[in-house]
Every structure is written in structure tokens, then in C-alpha cells.
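Below is one structure, written out as C-alpha cells; comments come after it.
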Amino acid sequence: MQRGRRKPDWLKSRPPSGSRFTEIKERLRERDLHTVCEEANCPNMGECWSGRDGPGTATFMLMGDRCSRGCNFCDVETGGMKSLDSDEPENVADAVAEIGLDYVVLTSVDRDDLADGGSEHFAETIREIQRRDPEILVETLIPDFQGDPEAIDRIIDAGPDVIAHNVETVERLQWPVRDRRADYEQSLAVLDRVGRESDIHTKTSLMLGVGEYDHEVYRTLGDLSEVGVDVVTFGQYLQPSRSHLDVFEYVHPDVFETWRAVAEREFDFLYCASGPMVRSSYKAGELFVEALLREGRSPEDARRHARAAGGD
């Protein structure tokens with residue numbers, strides 16, 4: 001393990017700044033909205049919010065800033081959940097419209113304390129955004145809803161453009177990386193149901209550097225391919241604090257490029273965003289989906305567009 005070791009140069013990033021970044025942050029504070037970008041201390045926050053190649057993207061975190069689960073990689077606090085804010089769906093939709101986003105990502109904390117896992121609240125937020133502007137592309141990064149098919153179907157029925165659910169790591173490392181209530185097969189089942197019950201694009205993400213072996217990553221890609229996942233992302237795990245899971249290793253950028261090639265060429269995923277600083281909602285994946293859906297490009301053209309704009 002690499003406790004105490006300096007981060008390599010390729011993991012250094014500039015603090016977020018710029019007028020666009022400041023504007024978005026102020027709008028979010030005015031409406032008391034949360035973003036996973038801030039809660040998870042995402043290293044790409046400034047780049048995505050500032051919209052270097054467009055109007056910018058923010059990932060809104062629904063249903064509060066405290067989670068019913070305690071994953072050892074995640075910086076979101078556990079316990080002490082509050083009642084849902086019934087105004088949140090409208091507030092998020094208004095903020096999206098005011099900021100001028102073309103592509104918005106919605107995610108949430110886990111709310112195992114709620115009968116439906118918060119799925120109706122999630123779905124209503126999607127619908128409110130679509131009411132404001134049907135042209136806005138909506139990606140949802142959903143929890144597993146404890147495997148409840150009705151909860152998953154509520155998200156499908158709301159009609160987002162992408163449904164993502166993260167397996168996070170290989171099967172062997174689900175614990176200690178994820179909360180014990182998370183399960184590899186259950187996560188695959190969520191993705192499989194979306195693929196079987198709809199034509200909505202599916203997406204998932206894996207962290208590298210938590211102790212996985214290459215053959216386990218390869219097998220995971222195979223499992224994801226079998227359930228019809230369209231887009232996969234790889235990023236470096238970074239320890240949020242010393243009380244979180246240790247970083248096992250800092251994976252070289254060349255390794256990320258290798259996994260990108262394997263995902264796209266061997267397993268035929270539509271797109272793979274892969275790099276040390278890539279996160280699940282990293283804009284390269286969003287640029288790909290936007291090019292594919294909005295502009296009707298072929299997967300090959302959409303890949304080139306996303307890499308050129310995303311700097312991959």
C-alpha cells in the first residue's frame with residue numbers, strides 16, 4: 001500500500017476557478033442544492049463546471065448530503081438523513097435551466113431508510129428537467145435501490161437518456177471498498193434490468209488502485225459486456241482522508257490507456273473514458289453520449305469528438 005507516498009505528477013490538478021465556476025457555485029448555494037462534485041471533492045470540478053468546451057456540466061446530488069451507507073472510498077457522510085425536500089425536483093430543474101446546461105447528471109445518496117429508496121423523488125426530478133427543456137440530455141447515476149425492480153422501473157419510466165450504476169471495483173473487493181449492503185451481482189442485475197427493459201444507454205465506472213488484479217478487471221469487463229453495458233469509465237482511486245480506504249497503488253496513465261483499448265476493441269463497448277483523473281461523471285463520457293444522441297454520429301465519430309474535446 002502507498003500510505004504516505006507523494007502523489008505522482010499526473011495526479012496534480014489546479015484548484016477550481018473562473019467566472020463560470022463561480023457563477024454556478026453561487027446559483028447552487030442560492031437554492032441550497034448539493035453536487036457530488038463538491039461532496040466527493042472531485043478533481044475535475046473546475047474543468048467540468050467551467051465548461052471549457054461548452055456550457056459546462058454539474059452533477060447534482062439528490063435527497064440530501066448524508067447517506068444511509070458507508071462506503072470506505074466515499075467522502076459523503078453516513079447517517080443522520082433528513083426528510084426529503086419536496087421542492088428539490090423543481091429547484092434542480094430551475095437551476096439547470098438558469099445555468100444553461102445542455103447535459104446534466106443526476107445522482108443521489110443511498111436512502112435505504114425510504115420505502116422506495118427515493119426512486120420516485122429521483123424520477124420526478126428527471127421529469128421536472130424535461131418539462132423545462134426537452135432538449136436537455138439527462139444522465140442518472142442511480143443507487144442499487146436494494147435490487148427493487150419497481151424502483152429501477154420508476155427511473156426507466158421517467159425517460160432519462162442514460163442510466164448509470166457503478167460497480168466501483170472487481171467482485172473480490174466489493175468489501176472493503178463498498179458498504180457491506182452493496183453487492184456485485186446485485187449491481188450487475190440493476191444494469192441488466194435497464195438494458196432488458198429499455199433502449200436507454202447504460203454506463204458504469206470502476207476505480208483502479210484499490211488492490212485489483214488485471215485478470216479481475218478483465219473478467220469484470222466481460223461481466224459488464226454480458227449484461228449489455230454501453231459505456232464504462234476507469235479512474236484512479238484517491239483517498240479522501242486518512243480514515244478512508246488506503247490507496248493500494250497509483251496506476252500509470254499508460255495502464256488506463258490499455259484498459260480503454262481493451263474495453264473498446266475486445267469487448268466492443270460504445271465508449272470508454274479512462275484516465276487517472278476520470279470519474280464516473282467525467283465530461284468525456286458525457287460528450288460522447290451527447291454527440292451520439294444529439295448529433296446522430298456513429299460511435300467512431302462520437303469517440304473522436306469526445307476525445308478531442310475532453311483532452312484524452
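Glycine is treated like the rest: Cβ placed from N, Cα and C.
Taken from Swiss-Prot, the feature [4Fe-4S] cluster 1 binding site covers Cys37, Cys42, Cys48, Ser281, and the record attributes it to sequence analysis. Per Swiss-Prot, the feature domain 'Radical SAM core' maps to 52-270; the stated evidence is sequence analysis. Here Swiss-Prot flags Cys67, Cys71, Cys74 as [4Fe-4S] cluster 2 binding site, drawing on sequence analysis.
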(message) List the residues in the vicinity of the [4Fe-4S] cluster 2 site, defined as same-chain residues other than Cys67, Cys71, Cys74 with C-beta within 8 angstroms of the site's C-beta centre.
(response) Arg69, Gly70, Phe73, Asp75, Val76, Thr78, Val109, Asp110, Asp179
(message) Using Cβ atoms only, which residues of the same chain lie under 8 Å from Cys67 ([4Fe-4S] cluster 2 binding site) while being at least 6 residues apart in sequence?
(response) Cys74, Val76, Glu77, Thr78, Met81, Val109, Asp110, Arg111
